[in-house]
There are 2 protein chains.
Amino acid sequence: MGDLIKGKDVANVITQEVKEAAEKIKQKGINPKLMIVRVGEREDDLAYERAALKRMESCNILCEVLKLPIDISQENFILALKKVNDDESVHGILLFRPLPKQINEDDVKFIIRPEKDIDCFNPINAAKVYEGDETGFPPCTPLAAMEILKYNKVNLKGSNSVVLGRSMVVGKPMAMLLLKEDATVTVCHSKTKNLSDVTRNADILIAAVGKSQMVDGNFVKDGAVVIDVGINVDEEGTMTGDVKTDECIDKASLITPVPGGVGSVTTAILAKHVIKACKLLNKQEGVL
Amino acid sequence: MGDLIKGKDVANVITQEVKEAAEKIKQKGINPKLMIVRVGEREDDLAYERAALKRMESCNILCEVLKLPIDISQENFILALKKVNDDESVHGILLFRPLPKQINEDDVKFIIRPEKDIDCFNPINAAKVYEGDETGFPPCTPLAAMEILKYNKVNLKGSNSVVLGRSMVVGKPMAMLLLKEDATVTVCHSKTKNLSDVTRNADILIAAVGKSQMVDGNFVKDGAVVIDVGINVDEEGTMTGDVKTDECIDKASLITPVPGGVGSVTTAILAKHVIKACKLLNKQEGVL
């Protein structure tokens, strides 16, 4: 039976580091600040917003929410986003997506300047993840998974890592981050044949498909590390991951739960990114 | 014993299509034109340049070479590149890389506008490949490999595809292009353990490591499709691929030779990209 890896421990370590970094920056007269841009009142966004506000408070990072109406025109949305982008007191911008239909993401994705784009909306940051250039901002969720692996000293180099899912938010950046650490990486998806045969070869299995408890014991090799990135909420509000944790823990050496796994680390990564952005922006202007 | 797939047949079909497209565009008074920008006189560049000039001639596409001295300053290089970029008669720009040391690629990679960047130098095009957005220009070599697979009606969907190599020029874009076609994709590299065990699972094996004849019969599953992207030239000037073709052909169902395989298709892709760029640029201005 393997160990259940709680995200909280990792989040606490990062929070402490970020808090100290924030203090140092403040001593130079700069106040690190995150601006969350939310269009409408989607429940997912509100939940993440509450968690982010709490984390920023723990890290001594300022955080403000710009609330925009769900029926905002693209023109007004662009004006609002540009204003935040130009605001020198704001270092990191988190824009909740998907945006409402009247706003074309292709028309707005280049607006947030790369140095403030802490959740990888701008293609310039996506390209950096793809290239393995660490000056950018990979999306917070796959980076949270990486931090959990590193905290637990999981050997990535030469490992057989299998990523289930190929989204731009988790699957693809996860594959790129693992590749950068010299893992041999396989990306699986809905069209993969004999899926459990493929995943059963994995030393490290990352589940990011968004199908509740799809990964059962049959998918997991003895001793594998299983990271569950899925967040699935049923009609009664119960949250489950993509993995049958109870079943897979018998085979895995390490496994993350849902809730309480990767999800509890993402806001800590967000805070870390605000500090990184703050340093990038100010170094450019010769302050830090 | 498998079939040896000559690149020439694929190149001929593409050349014919491109030639017809070029004719149609010319009837509207637009002359599709490629500008090759070469710094110095590296033998690889000169060989590719000769092949490209010949292909563009077959396709009825104008092609000019801007030759710059090997010791050009970054400042002057940028001026020259901007001039080509602003030249409305030029639709596609091919810049040979690597650039000499005094020129920092990070400082120049955004100069070529994405619509003219037909060999994926600009990160905005790299991001499109990563996202699976087909409006961009993937590098010509992996796209040539894809065209060979498609011409030979190789089933990609659900296939187990293994890419040997993770460069930005071949390995990574190849993985993204295969993923877009619903292949299950594994990326291997120098740190991969038990490499031949991994490749022996491949329905489709793409070799792009740049190590002469590294892939022998032991790497190949019976009936696999083997695409050899390697171009290795020894001291005597003999060109070899990454694959021991003579040995692997006994196991493979289809296999590409070197020379005469993928390499013979890349300039046809380049020509296709000039037409695509020409259409993109002119559609924007309402001509085509």
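The backbone N, Cα and C atoms fix where each Cβ goes, and this holds for glycine too.
Fair warning: this is a prediction, and the values are worked out from it, not measured in the lab.
Copied over from TrEMBL:
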BINDING   B:GLY165, B:ARG166, B:SER167, B:ILE231  NADP(+) binding site
DOMAIN    B:5-119  domain 'Tetrahydrofolate dehydrogenase/cyclohydrolase catalytic'
DOMAIN    B:139-279  domain 'Tetrahydrofolate dehydrogenase/cyclohydrolase NAD(P)-binding'
- Item | Proximity to chain A among binding-site residues B:GLY165, B:ARG166, B:SER167, B:ILE231, where any Cβ pair is under 8 Å | B:ARG166
- Task: Would you find the one among the binding-site residues B:GLY165, B:SER167 whose Cβ has the most company, meaning other Cβ atoms within 10 Å?
- Result: B:GLY165
- Note on the structure: DSSP, reduced to three states, assigns B:GLY165 (NADP(+) binding site) to coil
- Far apart in sequence but close in space: which same-chain residues, 6 or more away, have a Cβ under 8 Å from B:ARG166 (NADP(+) binding site)? B:LYS172, B:ALA175, B:VAL187, B:HIS189
- Using all protein chains in view, find how many other C-beta atoms are within 10 Å of the C-beta of B:ILE231 (NADP(+) binding site). 20
- Task: List nothing but the largest Cα to Cα distance in Å, as a whole number, among the residues B:GLY165, B:ARG166, B:SER167, B:ILE231 that the record says bind NADP(+).
- Result: 16
- Query: So, by DSSP, how many helix, strand and coil residues make up the domain 'Tetrahydrofolate dehydrogenase/cyclohydrolase NAD(P)-binding' (B:139-279)?
  - Reply: 51 helix, 26 strand, 64 coil
- Query: Which numbers of helix, strand and coil residues does DSSP report for the domain 'Tetrahydrofolate dehydrogenase/cyclohydrolase catalytic' (B:5-119)?
  - Reply: 57 helix, 18 strand, 40 coil
